[in-house]
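Here the structure comes first, spelled out in structure tokens, and everything after it is commentary.
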Amino acid sequence: MKPMRYAGVVGAGLAAAFALSAPASVAAKDTVSLGIVAFLSGPAAGPYGVPGRNGAEMVIEAINKGTLPAPYDTKGFAGATVEAEYIDESGGNTKQVSEYRNLVQKREVDAVVGYVSSGSCAAIAPVAEELQKLTVMAVCGTPRIFEEAPREYVFRTMSHATADNIAAAHYVKEMMPDVKSYTGINQNYAWGQDSWRDFSLAMTDVMPDAKVSDKPQFPKIFAGQYGSEISALSLDDAELVHSSFWGGDFEAFILQATPRGFFQQKKVVLTVGGVSAYRLGKRLPDGVAIGSRGPYGILVRDRDTPLNTWFVETYKEAYGEYPSGAAYQYAQAILATKIAYDKAAEAAGSFPDEKQVRDALTGLEFESFAAPVKMALGNGHQAITEHMYGIVQWNEDAGELGLRDVKVYPAECVMPPADKTSVEWIEAGMPGAKC
Amino acid sequence: MNLALTILVEGLGYASYLFIVSLGLTIIFGVLKILNVAHGAFYAWGAYSCAFLIGELSTMGVSDLGTMIAIPIAALVVGVVLGSAIERTIIRNLYGRDEVIIVLATFGLFLVLEDVILLVFGVDPYFAFQPTLAMPGVQIGGIYQDGYKLTMIALSLVVGLISWIVLNRTHWGKLVSAIIFDSELAVAMGVNVRRVFYVVFVAGAVLGALGGAYIAPTISVSPGFGVEVIVLSFAVVVIGGMGSIGGAAIGALMVGLLRAYAVLQWPEIELFVVYAVMAAVLIFRPEGLFAPAKARKI
């Protein structure tokens, strides 16, 4: 054997022996890369995407420095520094799928976090399964993500739209018990259709004597002009109007309906109104009921816990405004991912691989910034949280928007049990609901 | 009766802004034979500039009614400056080119102008609701209509009337008509066609920007909203006939009234109704309902 060939064989043998002797776990990493997707342009950017990105950015910075309040004051994700790449969610589902593939296949990120639109989530979920990449959905609301197919790689760290609408029905019953009829205006895609379906079904359980209108409105998402719809709702005899409008559509609707005296004429429940509350300020009419898709934003601004106080104060100092719902929701998704990495590392005794992180995230229960979160549905992939509603009241003395009559509904009151879909559960009369 | 009145008012309100924007699109096509996809960008720039100006004026202490001065200023500045710059640098290189090249070039221009909006105005929506607060609501058909919408209907009537007078009762209008009829013959008769092209393009841009500026106080002005209007304007122009002012008016009225009827009576078909009408017109009268007569060349 020639000396060179001999050296080559020995070298290869040593390399193989080294590889075989290495522990089965993944080597420790210096960084964890995240693709964070949010609307950074378009009508949803201001109310949702930008505060969402800010919330994620602020929490990632604190995680990297180890300055989150206890018990989350360990540095990084299992010790690794988090590097985030922010992607714009606007441009439609086809673009989002391309962006997702780019993040996973070219950028080789460790996980993808985010998504506001239900349309985006519905398009991304099957692709995430195909590419086998940990994907933590932060905001989108359609229940279909985990009800239509089991998911291995996809998680969602907040309640879905069913909670918004069942809680809205309960709140209407408590605060507006005299309502005899109702209608709705919701965007014409998965989010709006699911929201109206869940609200009208829940109302048949909660307020069976209230009559549903035969002309609920479903304008196109991002239509921007709602003059005709406002007229249609005004002519409708229904006393209550339900809406799951969000982002620029929500703000445009408020601005167009206010000068027409709409909010004096109708009782209104806005399931996502809280998200734009700070942006609209005094322009959000007194007396409308708003939710913020759970215990987030204006509904928990004054909740006095170390985590929430840190979140509100740090955000206000960094961005000059109170954190809206989207800021909380993105921060919550990042926090859940950190907890999963830390927990998986602790169990493995070394830096975890992706499956170990997913296993740790499955069924996880943790204290988030404003409330506890349980990954209880969708085989442990879908979170449930408590839900809240309040009525808008401008505080003249403080010069800021406030809420009155805030009510909290337990997670098990407004989300279906693990063995039933939302529709099945509501249609069965919400058996076992713990309200 | 209340329902019919509401459909009428809503239909006219929707048709009015569509007419103003579509008028700009159709006169540019009628004279220059340029299908200007970038027209939606004039609309968006008009809206942004107007919303920005209203905000500035309001901060300076100008009354809600006084902030309406921002509307003509924004429309003129955007239309003249942006329209001139685009005509001089890009559009004049497209005259006489293949339609596909024109559509691709103006589409590219539209995308660029949309991104420049993000660069200049940022991603946050703008609210410029002050003018709507200055107009008292009016009770029509049993419900409150905002006064601002009624002024929009009046503005579209004025714009339509001025356009008709300019085209039918002025020297300039005759030059434009001559070019629409046969541009080669117009050149032979000594008409400075390039100059007329320039003026018509800028006028079209001003109309696009005026539509955006006038609608701005009623909406959340946010990136990407120019796309919606350009699609609807194409539908209006296709229904009415490319290059026809009367066609744009009738097309806008049909779209506005049918949409209002659908929303108020049959909400499920609202998304479909405008395009159904357009498809029907294309099947039975592909040149549109009021397409201008074409000269037969021997």
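In case you wondered, yes, glycine gets a Cβ from its N, Cα and C as well.
Given the structure is predicted, the values throughout are model-derived calculations rather than measurements.
Residues or ranges marked as transmembrane segment in TrEMBL: B:12-35, B:42-62, B:68-88, B:100-127, B:147-167, B:196-217, B:229-257, B:269-286.
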Query = Counting Cβ pairs under 8 Å that are 6 or more apart in sequence, does the total for the transmembrane segment (B:147-167) and the transmembrane segment (B:100-127) reach three or more?
reply = no
Key: Beyond the flanks of the transmembrane segment (B:269-286) by at least 6 residues, Cβ under 8 Å   = 232, 235, 238-239, 254-255, 258-259, 261-263
Ask   = Looking only at residues six or more beyond either end of the transmembrane segment (B:12-35), which have a C-beta under 8 A from one in the stretch?
value = 42-43, 91, 94-95, 99, 102-103, 106, 145, 149-150, 152-153, 155-157, 159-160, 163, 176, 179-180, 196-197, 200-201, 203-208, 210-212, 214-215, 229-230, 232-234, 236-237, 240, 242-245, 247-249, 251-253, 255-257, 259-260, 292
Ask   = When you scan the chain for residues with a C-beta under 8 Å from the transmembrane segment (B:229-257), skipping those not six or more beyond its ends, what do you find?
value = 7-8, 10-16, 18-19, 21-23, 25-27, 29-31, 35, 37, 39-40, 43, 110, 160, 163-164, 167, 180, 211-212, 274-275, 277-278, 281-282, 287-292
